[in-house]
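K.L.:
Supplied in structure tokens, the structure appears directly below.
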Ligand code: ADP
């Protein structure tokens, strides 16, 4: 099984590119953000707890998303691998992922990182807000907190995966087609 990790700041285009990646390489897409938004829509206990954190631009607790990931690994069959989108987002989550995969004799295949500069993050999110209507895209303060959370908690994973020799970066500032082609060129090697 292949385990690709789609990495990058909010608004980098992970969701857009994920759709093409899962189709071409027969992967199952796991977006922790999407899974959490489904819990919120269903007004589950977990969803209610997650909502206030997400609306504040903070992260939900590591154990919550780790449990979601493990249960997807255990239930989804008939694919050549998984595409993790929005997970791991902290060093603790990355370490948990290594442990979960190790239990099954597996290991992360590669990190595909889509990078855009901070100035671009806000433009992309503002644009998405007008299309998708996500609550966490609407408020300037929430967006600022998400960017801060990304730099503080998530960016250290670049070093984590560089040290494992698994970090590959793509320039996310091009057109959707250009970024997709760069990702395919990279993934074809695995
Ligand atoms: P984006 O990539 O634009 O930040 P996501 O849909 O990936 O959007 O995530 C939306 C929100 O869901 C995050 O800001 C965070 O609050 C929560 N979330 C998603 N994934 C995780 C995770 N792995 N750990 C903790 N919180 C998460």
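Note: Cβ is positioned from N, Cα and C throughout, glycine not excepted.
Quick paste from TrEMBL:
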- 11, 12, 13, 14, 15, 16, 128, 174: ATP binding site (BINDING)
- 31-60: region 'NMP' (REGION)
- 32, 37, 58, 59, 60, 86, 87, 88, 89, 93, 134, 146: AMP binding site (BINDING)
K.L.:
Taking just the CA atoms, what is the gap between residue 87 (AMP binding site) and residue 15 (ATP binding site) in Å?
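P.N.:
Pair distance, Cα basis, whole Å: 12 Å.
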K.L.:
Would you count the other C-beta atoms found within 10 angstroms of the C-beta of residue 128 (ATP binding site) for me?
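P.N.:
Its Cβ has 17 other Cβ atoms within 10 Å.
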K.L.:
So of 12, 58, 60, which of the binding-site residues has the fewest other Cβ atoms within 10 Å around its own Cβ?
P.N.:
58
K.L.:
Give the mean pLDDT for the region 'NMP' (31-60) on the 0 to 100 scale.
P.N.:
97
K.L.:
Under the DSSP assignment, what numbers of helix, strand and coil residues are found in the region 'NMP' (31-60)?
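P.N.:
The composition, in the requested order, is 21 helix, 1 strand, 8 coil.
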K.L.:
Using DSSP with the three-state reduction, classify residue 14 (ATP binding site) as helix, strand or coil.
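P.N.:
SS state of residue 14 (ATP binding site) = helix.
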K.L.:
Provide the number of Cβ atoms within 10 Å of the Cβ of residue 134 (AMP binding site), excluding the reference atom itself.
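P.N.:
If we count other Cβ atoms within 10 Å of residue 134 (AMP binding site), we arrive at 14.
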